[in-house]
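Some features that TrEMBL has for this protein:
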| type | residues | note |
| --- | --- | --- |
| BINDING | Cys25, Cys26, Cys104, Cys107 | [4Fe-4S] cluster binding site |
| DISULFID | Cys187-Cys189 | disulfide bond |
Amino acid sequence: MSKKKQESIVLETPTGSDHVLLHSCCAPCSGEVMERMAEAGIKFTIFFYNPNIHPEKEYLLRKEENIRFAEKLGVDFIDCDYDTKNWFERVKGLEWEPERGERCTVCFDMRFERTALYAHENGFDTITSCLGISRWKNMQQINDCGQRAVARYPGLHYWTFNWRKKGGSARMVEIAKRERFYQQEYCGCVYSLRDTNRWRLQNGRDRIKIGVEYYTAD
């Protein structure tokens, strides 16, 4: 994306303030969001709460890459609990739901509830997430979950900005390649890993190997 085009993107939070808590799932998805907010002069903090990610090796890889980029930009990083037991309890009975189905709604709800609680307890007036930048995600589903979470706290807002706009999805990949981020090959949970591996085997591809793939510069 050209510098001129980047400058044409105007960011303004729902409240007009610059005190944003950004829920992040991984460095590749959050890289563009982080850079765009930093360039706009918006003060934000990363909130990493993703008990869905499985196995723990994958979780740590994604978290460490996110920390690395946050440190590069000088952004505060909140490392939240890896409470997988609670996550499995929340999605019990939804093990065979498809991607973008009810299990994903429950998963988003759980992550946004914790994000909203932290924001409420620590003086943030706005939360948002990089989850919607991926073309594999349902933007409306994510926004609904975010708005449901903040509704519990008067004065707290969920920023529904479409981070895919103005080439955001393409720039997400550009940044991932430039930074040589770890390249995950499935959404994150054990059921996503299961279903992705089933698809790969049906299409003559090897199972996913955790910790192997990294983005490379063109």
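Glycine is no exception: its Cβ is also placed from the backbone N, Cα and C atoms.
Remember, TrEMBL labels are computer predictions, not curated facts.
Note that the structure is a prediction, hence the values are computed from the model and not measured.
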Sorry to bug you, but what's the C-alpha spacing from Cys25 ([4Fe-4S] cluster binding site) to Cys187 (disulfide bond), rounded to the closest Å?
9
With every protein chain in view, how many other Cβ atoms are within 10 Å of the Cβ of Cys107 ([4Fe-4S] cluster binding site)?
25
Sort out for me which one of Cys104, Cys189 has the most neighbouring CB atoms within 10 A, since those are the recorded positions we care about.
Cys104
Tell me the coarse DSSP state (helix, strand, coil) of Cys107 ([4Fe-4S] cluster binding site).
helix
Please list, in sequence order, every residue of the chain apart from Cys25, Cys26, Cys104, Cys107 whose Cβ lies within 8 Å of the Cβ centroid of the [4Fe-4S] cluster site.
Asn50, Asn52, Ile53, Phe108, Arg111, Leu131, Lys137, Cys187, Gly188, Cys189
Which ones in the same chain are close to Cys25 ([4Fe-4S] cluster binding site), with CB under 8 Å and 6+ residues apart in sequence?
Asn50, Arg62, Ser129, Cys130, Leu131, Gly188
Out of Cys26, Cys187, give me whichever of these recorded positions has the highest number of other Cβ atoms within 10 Å.
Cys26
